[in-house]
Each structure stands twice: as structure tokens, then as C-alpha cells.
Amino acid sequence: MEVPENLKNPQNARREGSNMKCLADYSVEKEVGEGSFSTVYLARRKEPKNDENPEVALKICLKRLILKNKMVPYIHREKEALALISREENAHPGIVTLYATFQDSESLYFVLEYAKYGDLCTLMQKQPDSKFNVADSRYYAANLLSALEHIHKLGIIHRDVKADNLLVKSDGRIMLTDFGSSKFLSDYQKIQENPVEEEQPTGRRSSFVGTAFFVTPELLTGSEMSPSSDLWAFSVTLYLFLTGIYPFNDMSEYLVFRRIQDILYTFSEDFPDENAKNLIERLLVKEQKSRLTSQEIKEHKFFESIDFEHLEQLEPPRIY
Ligand code: ATP
């Protein structure tokens, strides 16, 4: 799609402070994706001239839409979580880096690490039988686990872990993105002591269908979520990688939720790996405390061949 004129030649770029970035600092090249409230472009940093890695993803959120759809808390959360994770001392190769944020009268701008190959779910659907082989599933799951362990140590729960939120970089490595639903653990505990209704954004309901498959039993019963909620979604994601289908699936969202509440799922006769099956069985457990911890997952037989200390040394699958 054509890049709008106001992005090519920004007229009203406004610097809020001397170090603040603005639209004029980037040349916008092409649209690469659209969310419910945002459009994402491939852009290039203009300075410094000798930048070896000038490509960035420029996510533009229209203020009008954000306000109308009550998305303000989501945008704040995304910015806060990404800003914390993107600090030099907290950086993790498996999590998208936020380079800068700025705004003008109409839009909020997130300058993010660029993922050349888009999201892993779309790539998975292009594979033979729309799934990954065991080795590739193991690779992606190990990298997802490492990213989750990292954010949990920083006190963040992602709460929207799914293959769509894993982006593939030009070197084939993945990074976790979309922190709009995330929660800082301490905040969460405060909310539990003093519960307030979280306002439901209006437009997101329509995109909820995609996420329904990953919903946790605790979300359905209104119980407190914890890092193990992300590990539930991790195991749903691993099941999806290995089979191309969701463990909890049915004709309607309501029936999917019933299945999740009753932990009603099966493994087909030809499920490709016994160790993965055992791992998933020990994570798709209603009681959060009874699920494996991330340390226990790393020590599980399914990941026997993986050295989690040196994940970056593994060659990423070439699936694109
Ligand atoms: P929704 O808001 O409906 O939940 P979303 O979270 O996918 O959707 P965005 O984060 O705006 O919305 O992303 C829209 C699309 O842009 C994504 O599906 C992806 O294809 C692309 N995209 C997002 N971030 C990046 C990135 N860092 N690099 C490359 N492409 C990206």
C-alpha cells in the first residue's frame, strides 16, 4: 500500500525536547501490517549515516481511535513494559526492542525493532501441513520460553502469548511482541487487594476470537493470573507448532471456553513426540501451582538437547 504523503514529508513534526525523536528522523518506506488500532511501516533511521542497521518498524496509532475504543491503558502498558525491557541492562534478543516513542497532534509513534519475515503464525501456515517439525517446534518453543522467563524475572506477565505475537527477524530468530495486555506483577497484586473492573476496550473483542484458543482457566474464572498463565499459553503454542491445530477448539468461543475450563483436549494417535506430549500434559493443568515452572520446563526431557545458556548459538530454522 502507498505510504501517505504526510508520512513521506512530515510538515508538523514536533520535537518535545532536544533529544526527542520525531517523524522527520525516519524515511518511511512501506506498510508492513495493520492492527485494530495501528498501522505498521518499514522505515529507516536517517542518522547516523553509517548506521549498519537502520531499518525499524514504525507503529503509528491514531489518537482518535485509541480514545474512541478506550485503548489508552493498553497503549500505556505496552509503552511501559517495552521501555523497561528495552533498557540496556534488561535487553533480551528474544523480545522486541523499543527504540523511541513520540507523538504529534494526531498520532502516537512507536519505533520498534524490525521483523523482516512478519509473524510466526502466518509463516507456520505456509509450511507443509501448516505446522512445524519437532526440531523447529523445539527451537521456537525454547526461544519463547527464554523470553518469558526473562520478562517474568522483570516482574511482567505478557498475558497474550501466541504464535501471532512472535515476529521473525531477518536472521530467522524470533522475538516476542505486543505487550498491550501485559501486567506488572506488583500492580497486579495491588489490583487484587483493591479490585477494580478493568475497562474492556471495544474493538479488541472482535480480535478476541484469535486469542480465545490461548485463554487460561484462571482468566475464565476471574482468578489471579501469574507467570504460570503465560506458561499455559506457551504449551498451547507448542501444541499448535507440532500439530497445526489448537488443543482447545470448537464451534464457538463459548464452547472453546467450556473445553478450557474442563481441560478437555486430546492428543491424536500420530502426535509427533512423546516428550512434548508429557510436557504439555504437565502444563495444561487447571491449578496454576501444579503447572511446571519455567526451570522445570527447561529441565524437561523434551528440551534435553537445548543449552538454554547459549540459545543464540543455535541455527534458526529456514522456514521463509
Ligand atoms: P491487534 O491490534 O489487532 O491485536 P496487532 O497487535 O498485530 O493487532 P500491531 O502490533 O499494530 O497490531 O501489528 C500489526 C501488524 O504489523 C502485525 O500483524 C505484523 O504483521 C506487523 N508488525 C508489527 N510489529 C512489527 C515489527 N516490529 N516488525 C515488522 N512487522 C511488524
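Any Cβ shown, glycine's included, is placed from N, Cα and C.
The domain 'Protein kinase' feature in TrEMBL is assigned to 26-303. On the 0 to 100 pLDDT scale, the domain 'Protein kinase' (26-303) averages 91 in this prediction.
Counting only same-chain residues at least 6 apart in sequence, those with a Cβ under 8 Å from the Cβ of LYS59 (ATP binding site) are GLY35, SER38, THR39, VAL40, TYR109, PHE110, VAL111, LEU112. The ATP binding site annotation in TrEMBL covers LYS59.
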